[in-house]
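A short worksheet on the structure shown next.
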Amino acid sequence: MDNAPKTYDVIEVCMLAGKIMMESGAETYRVEDTMSRIASSFGIHNSHSFVTPTGIIFSIDGDDPSKLYRISKRSTDLKKVTEVNSISRKISSGDLTVKDALLELRKIEKESVAYPIWLQIFAAFISSGCFLIMFQGQWHDFIPACVAGGLGFSCLLYLHQLLEIKFFAEFLSSLLIGLAAMLFVNIGIGYEIDKIIIGAVMPLVPGLLITNAVRDLIAGHLVSGISKGAEAFLTAFAIGTGIAVVFSF
Amino acid sequence: MIAQLFTSFIASAAFGILFNVPKQSLVQCGFVGMAGWLLYCWFVWQSVDSIIATLAAAFLVALISQLFAKMYKTPIIIFSVSGIIPLVPGGLAYDAMRRFVSNDYSMAVELAAKALMLSGAIAMGLIFSEVMNQISKKYGKIK
């Protein structure tokens, strides 16, 4: 629009917004939409973004360079998605300048998770029990399912920091859940081992990934849809294998 | 039934916490999950096929999520994800896995196919309401 060096800042804002959203588990179409919307509200109308779960490419017609960001770790943090979304809204309505937007995005990027760890573990604890009841379990299995689910989820959180390979962390967590459930049934605290395990495993199930994969496939983002689907399948497979190991004893 | 009501609400809201949903949206997440699960339970109770029940419930979840997304100006994914979680056929997939391990392959494949169909039903439900939303938007523009 008015001056050339600004274009670099705009690209930077777009890339950062895209990166944060993709790392926090947003749908691909939303990331691409947000990036091109930010660009066009800063006066760059011919922008192209190509977003996959492992990398973002953003390019503007003309002499300006294309940029590539690699995305190596993906987690679920819908609060960041919401915040970036509201920043993009503010940019569209002209309330934020490029500099301010960049500052705010950097702040969001550094932010830690919205809820403390104990609360997350507690949520996994409670939801495991609730799922037990929803799947027609009995109330006397409520506490065993809660404990197994809480254990499994804390194990997952811990191993995620320790191990690079997500698959293995999920495998070990579900193995732990299976063992805990078996222990509870053997010492007579729990009764139905199937129901306890199903309830306790639910916090690990890749629900967000499955939803996003389908959503992306339908919207025509075939590459990201399939790769997210593969990730979801791998997670489900890891959980299944962990449980299967327990039963093969 | 009341137990189902409460547990589905709490489970969906708790999943909101696991997904780091902003605090002010947690109650709505719980509500979306509860509505979807109630519809599903009601259909199953009327002995409707579980695939159709899942389809209808997923459709309802997506519909309410779109409404909430518009009302609170937040991405739709926040609500739809926590609402979908109770419908995911975790139990069936688990059963299938267990049959595989105990060498009961024919039953295992049957259960796995059913779980796949149910996931497909969830996806179709989500897409239906998305399509409806797009049509209503386009229709509004043409008018």
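Placed from the backbone N, Cα and C atoms, the Cβ positions cover glycine too.
TrEMBL labels come from automatic prediction, so no person has curated them.
Per TrEMBL, the feature domain 'Threonine/Serine exporter ThrE' maps to B:4-131. In the domain 'Threonine/Serine exporter ThrE' (B:4-131), the DSSP tally of helix, strand and coil residues is 111 helix, 0 strand, 17 coil.
Annotated transmembrane segment per TrEMBL: B:6-22 (among others), in sequence order.
Sequence-distant contacts of the transmembrane segment (B:29-45) (same chain, at least 6 residues past either end, Cβ-Cβ under 8 Å): 1, 4-5, 8-13, 15-16, 21, 52-54, 56-58, 60-61, 64-65, 68, 78-80, 82-87. Residues or ranges marked as transmembrane segment in TrEMBL: B:29-45 (among others).
According to TrEMBL, the feature transmembrane segment maps to B:51-69 (among others). Below 8 angstroms of C-beta separation, residues 25, 28, 31-33, 35-37, 39-40, 43-44, 75-76, 78-80, 83-84, 87, 89, 117-118, 121-126, 128-130, 132-133 of the same chain, each at least six residues beyond the ends of the transmembrane segment (B:51-69), sit close to that stretch.
The transmembrane segment annotation in TrEMBL covers B:76-94 (among others). If you look at the transmembrane segment (B:76-94), the same-chain residues 6 or more away from its ends with a CB under 8 A from one of its CBs are 8, 11-13, 15-16, 19, 21-22, 25, 28-30, 32-33, 35-37, 40, 54, 57-58, 61-62, 64-66, 68-69, 111-112, 114-115, 118-119, 122, 126.
Residues 50-52, 54-62, 80, 84, 87-89, 92-93, 95-97, 99-100 of the same chain, all 6+ positions outside the transmembrane segment (B:106-128), place their C-beta atoms under 8 angstroms from a C-beta of that stretch. Taken from TrEMBL, the feature transmembrane segment applies to B:106-128 (among others).
Sequence-remote contacts of a segment are chain residues at least 6 beyond its ends whose Cβ falls under 8 Å from one of its Cβ atoms, and for the transmembrane segment (B:6-22) they are 29-34, 37-38, 74, 78, 81-83, 85-86. Here the domain 'Threonine/Serine exporter ThrE' (B:4-131) returns a mean pLDDT of 88 for the predicted model.
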